[in-house]
Amino acid sequence: MINKHFSSEEIEQDGKSCLLKNARLGVLGGSGLYSIDSIENIKELDIETPYGKPSDSLRIGNLGGMEVVFLARHGRHHIYTPTEIPYRANIWALRSLNVRWILSPSAVGSLQEQVRPLDMVVPDQFIDRTHQRPLTFFCDGAVAHVTMADPFCPTLSRLLAEEGELLMPEARQVHKGGTYLAMEGPAFSTRAESQLYRSWGCKVIGMTNHTEARLAREAEIAYTSLSMVTDYDCWHEGFGNVSVDLVIENLAANAKLASKIVEATAKRISKLLPPSEAHTALKNSLMTSKDKVSETTREKINLFTENYWGKFNK
């Protein structure tokens, strides 16, 4: 049921760009976005990974002229907290289905006055304040250090922001760039924490994107976020504190628009097949010699290392 994964050897160089053959677009839907109605000819796959089961079935279909794989990160019935999401299983499953780009529509709180509820942000940096999650595939005797200087793919982010600006109502705004503060959750911030993150210059606060971005980079998948602003966290004296009701209300108002932006971006990706530095992220990142890595670990990470270490056979 699962197609052969897409390796860097299948990238054709033409001197200016590279053609990614048969690659798919992944969409990781967050709170309030558990499906995209415009995806056609959907087939569902249940995949078992070396890291357990993903959050939900993976739905493969057509959107914007290309094949996409949709996955609800919290599960379609929202059963996983941000800490409990099986991030490694999700990213492994997407890569096993030839996903080489990921768009991540996600709920966030605003940490800056000018970034208003119902605006959207395409961040370009993050600060990680989580402490309970596995953040790498490379452990248990295999070490890799990928570059995370630019954690969100600049090319993918530009396409997403451009399509967002075209579709956004005049009263709202798409903000290009900014730092995403990643908190553990599931509780929202204290007022002191919210003010601290503001003093750092962070633009939005969320609970999931940085974990996905790290793992996607190791999996050589280009990743970017469409951060949908639902509230002002708890720092703004002129607005009520963030609550589940407020988040859900504003997400419902933004869900259709976010789906349209994702579809429009998918159309751009299907035409451009944009290359990304993320697609060869492991090229100069693998530290451990393959002959020093156990068979168990080699088998788990073979999906990512085959192009550099050769195919693993027991």
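Counting begins at 1 with the first residue displayed.
Note that Cβ sites are derived from N, Cα and C of the backbone, with glycine treated the same way.
If you take the C-beta of R73 (phosphate binding site) and look for same-chain residues 6 or more apart in sequence within under 8 angstroms, you find L28, G29, G30, S55, Y80, I85, N90, T208, E212. The feature phosphate binding site is assigned by Swiss-Prot to S31, R73, H74, S106, A107, T208.
Under the heading site 'Important for substrate specificity', Swiss-Prot lists S189 (among others). Following the DSSP three-state reduction, the secondary structure of S189 (site 'Important for substrate specificity') is coil. Of all the Cβ atoms in the protein chains shown, 22 others lie within 10 Å of the Cβ of S189 (site 'Important for substrate specificity').
The DSSP secondary structure for D231 (substrate binding site) is strand. In sequence order, G109, S110, P117, F239, V242, S243, L246, V247, N250 constitute the residues six or more apart from D231 (substrate binding site) in its chain with CB-CB distances below 8 Å. The feature substrate binding site is assigned by Swiss-Prot to M207, D231, Y232, D233.
Positions annotated as site 'Important for substrate specificity' by Swiss-Prot: V244 (among others). In the three-state DSSP classification, V244 (site 'Important for substrate specificity') falls within a helix. In the structure as shown, the Cβ atom of V244 (site 'Important for substrate specificity') sits within 10 Å of 9 other Cβ atoms.
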Requested in this report: Determine the C-alpha span of the substrate site listed in the record, that is the greatest distance between any two of M207, D231, Y232, D233, in Å to the nearest whole number.
Outcome: 15
Report summary line: By Cα geometry, the one of the recorded positions (S189, M207, Y232, D233) nearest S31 (phosphate binding site) is M207
Query raised in the report: How long is the line from the C-alpha of S189 (site 'Important for substrate specificity') to the C-alpha of V244 (site 'Important for substrate specificity'), rounded to the nearest angstrom?
Result: 13
Report summary line: One finds that other Cβ atoms within 10 Å of the Cβ of T208 (phosphate binding site) number exactly 27
